[in-house]
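Colleague: In case it's useful when we look at the structure, here is the feature table from TrEMBL:
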ACT_SITE  Glu113  active site
BINDING   Asp16, Asp112  Mg(2+) binding site
DOMAIN    12-194  domain 'UmuC'
SITE      Tyr21  site 'Substrate discrimination'
Amino acid sequence: MDNETTTTYRKIIHIDMDAFYASVEQRDNPELRGKPLVVGGPPEGRGGVVATASYEARKFGIRSAMPSKKALQLCPHALFVRPRFAVYKEVSQKIREIFSRYTDLIEPLSLDEAYLDVTDDKLNVGSAIEIAKQIKQAIKDELQLTASAGVSVNKFVAKIASDINKPDGLKFIGPSAIEAFMEQLPVEKFHGVGKVTADKMKKMGLHTGADLKKLTQDELTGRFGKVGKFYYQIVRGVDERAVQPHRETKSMGAEDTFAYDLTTVEEMNDELDKIAQAVYNRLLKYNLKGRTITLKIKYHDFRQITRNQSFPFPVGDLETIGNTAKQLLLASGIDDKRIRLLGISLSNFGEAAVKVKGDEVSEQLKLF
Ligand SMILES: [Mg+2]
């Protein structure tokens, strides 16, 4: 048998709202519909910047982060409105609620963009393409907005895919198509490759993924530093980065209700070993680590308590999970207790990443 047949792929969706701020403004104000609209700082005075331009405005070459003054030059009849972040935030929450019907593994990148891991979707839809279709339809029906979706087996390709058929697009790039897709991709389209790096690459004669692919990993790290390793993998369609849910919205765990009440510490520890193994397997599957381990105990009288311990760094190994749960159990006092259920969960995922994202958001808001 060929090993390939047993490979299981992740199912990753990248959802990106189309001209989000501008679309919300056009939705809420009919007078703005069908017109070149700029959401951002006003063109008068100094420092106004385009946050989002409607598709009608993009035809004139208006782009995000462009000075509003320049936008007005490009399109003198463009309409300007100031952003209403509170409204966008609210809409963003509603979009996230739609995502959460399918998965809890949601990694927001901004108010209008998120990665979803639907490898095990809650509704057992199974097909990531079908889930993407349903999400797009729900966003249309419930929020009167359009989104574009990219579907693939990793974050990198899913993100690029969502941009291909914009607006209102849906693009699937399956495992067998990834390498060819990456080879034809211009280097500036590589997510994370900024203009400076792209120019540097072009000067070296590197224009597409295929050019990058000719270099060894050592050559790539020699020229671009640590990120060279990422380039090496990504041109081969390899991106193991997990979808990292927001720490406050996510925990991952397992629990077990027993056929009879546990009364000895040996029985309890045996059960905790099994549960820790189940939690560990799930964490491994999603490549997650967490800073907090929580133990849940339900007694024979249905009284329930939780005890947790936080670490200064993310943990996810079997030994730490099992030992911490056992210590928390002992500390909770088990004399004369009859226990009906035990559960272990990890939370506080990817705090560093979330914090960085938060900083980026506030940086962006400062522009207006
Ligand atoms: Mg967008």
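Residue numbering: from 1, along the chain as shown.
Backbone N, Cα and C atoms are what each Cβ position is placed from, and that goes for glycine too.
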Colleague: Given a separation of at least six residues and a C-beta threshold under 8 Å, show me what packs close to Glu113 (active site) in the same chain.
Modeller: His14, Ile15, Asp16, Met17
Colleague: If one looks at the chain holding Tyr21 (site 'Substrate discrimination'), which residues at least 6 apart in sequence have a CB under 8 angstroms from its CB?
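Modeller: The answer is Val39, Ala51, Thr52, Pro83, Tyr88, Asp112.
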Colleague: Look up Asp16 (Mg(2+) binding site) in the DSSP assignment and reduce it to helix, strand or coil.
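Modeller: In the DSSP reduction, Asp16 (Mg(2+) binding site) maps to strand.
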Colleague: Can you count the other CB atoms that lie within 10 A of the CB of Asp112 (Mg(2+) binding site)?
Modeller: 22
Colleague: Indicate whether Glu113 (active site) is helix, strand or coil by DSSP.
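Modeller: SS state of Glu113 (active site) = strand.
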Colleague: Where does the mean pLDDT land for the domain 'UmuC' (12-194)?
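Modeller: That region's mean pLDDT is 94.
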Colleague: Could you tally the C-beta atoms, other than its own, that fall within 10 angstroms of the C-beta of Asp16 (Mg(2+) binding site)?
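Modeller: If we count other Cβ atoms within 10 Å of Asp16 (Mg(2+) binding site), we arrive at 20.
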Colleague: With H, G and I counted as helix, E and B as strand and the rest as coil, say where DSSP puts Tyr21 (site 'Substrate discrimination').
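Modeller: For Tyr21 (site 'Substrate discrimination') - judged by DSSP and reduced to three states - the answer is helix.
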